[in-house]
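What follows is a set of notes on a single structure, which appears directly below.
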Amino acid sequence: MARRCRSSGGGNVPGLAVAAPSWLLVVTVVLAGVADGQLQVGFYSKSCPGAESTVASVVRQAGSADSTILPALLRLQFHDCFVRGCDGSVLIKGGGGSAEVDNSKHQGLRGLEIIEGAKTQLEAQCPGVVSCADIVALAARDAVAFTGGPSFDVPTGRRDGKVSNLRDADALPDVHDGIGALRSKFRANGLDEKDLVLLTAAHTVGTTACFFLQDRLYNFPLPGGGRGSDPTIPPGFLSELKSRCAPGDFNTRLPLDRGSGGVFDTSILRNIRNGFAVIGSDAALYNDTATVDVVDSYSGLLSNFFGPYFRQDFADAMVRMGSIGVVTGGAGEVRKVCSKFN
Ligand code: HEM
């Protein structure tokens, strides 16, 4: 599982690589390959050499025309990988409302047409070779880099799944989830508390619709009974949020990372620590010792100098997320069109 972060300072060197005997290294590499489901960096280097540059160029062009598409593409990979694994199932349309993508958990999902656009170009270059699931993973990686995040290698070789079920998306994490539910949904996908914090920090870029704040601002179950505003929101911030999102306003959008939206940095974690999380699930990360420690470790002023290194660790977490439930080898298919099974 070769991978490296190409831009961030200070990588993590796995302890084993320091003084382990060579046979142990071989075993480790083999096991890592198995854990990744046989994905490998540069999987298309012979079969479709222009695959990665084509996706990058499509994403770059889309981002120049509309920079908000970049965070949308990053979110798209999360939604692909957490439902049936990273198999492109979220891209399937049709079925009279019974496709996975029709589930309300995918509310506001965008960027599917960018994936389809890249697919059309790749089908012209190398028909039947590059999977839609890989295009989703590469596009998310490029979106991270183009918003100022780390550049990193993404192992490829995913194949497209052949199932799309409305109800499968019920398993996605939700803004109403408490920290226990978030932890168990990540654990169900082989990701731990550190991954939960690192990956949620993707909210450093991007926006949310007021739709996802309505309950937190106006319909939150209060400890003494009744409904109102989430009492953990500091009063000044509550007024700010209410002035942006009036009752019943579902469509206005606001940055998830207050004061630093659109810039890839760790300010989202400082915001979470200081009570300025915009959506409830981000706020929940500061409700549990395990995740509080992770938030604190990356949001301290000195972590940029002495680690842990957010950019490197975020890239590694993205690679782990991109390996969830992958379909490889002879299983699945390589779709001709991303929104339809062959
Ligand atoms: C922990 C559970 C998570 C929950 C409950 C959650 C929820 C949300 C919600 C409600 C939005 C606003 C969507 C909209 O209004 O369009 C959003 C946006 C976003 N999410 Fe998450 N998210 C989670 C984890 C993640 C992860 C793991 C990633 C990627 C690694 C991610 C990446 C994004 C991005 C980039 C946006 C901005 C999208 C845009 O601007 O169009 N999220 N998320």
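Glycine residues also receive a Cβ, built from the backbone N, Cα and C atoms like all the rest.
According to TrEMBL, the residue from THR204, THR207, THR208 that belongs to the Ca(2+) 2 site alongside ASP257, ASP265 is THR204. Here TrEMBL annotates a disulfide bond for CYS48; of CYS126, CYS132, CYS210, the partner residue is CYS126. The shortest Cα-Cα distance between SER89 (Ca(2+) 1 binding site) and any of the recorded positions HIS203, THR204, CYS210, CYS245, CYS338 is the one to CYS338.
Here CYS245 (disulfide bond) comes close to CYS210, LEU213, GLN214, LEU217, THR252, LEU254: these same-chain residues lie at least six apart in sequence, with C-beta atoms under 8 angstroms from its C-beta. Selection of the recorded positions CYS86, CYS132, PRO173 by a Cβ distance under 6 Å from ligand 1 yields, in sequence order, PRO173. Classification of ASP87 (Ca(2+) 1 binding site) by DSSP places it in coil, neither helical nor stranded.
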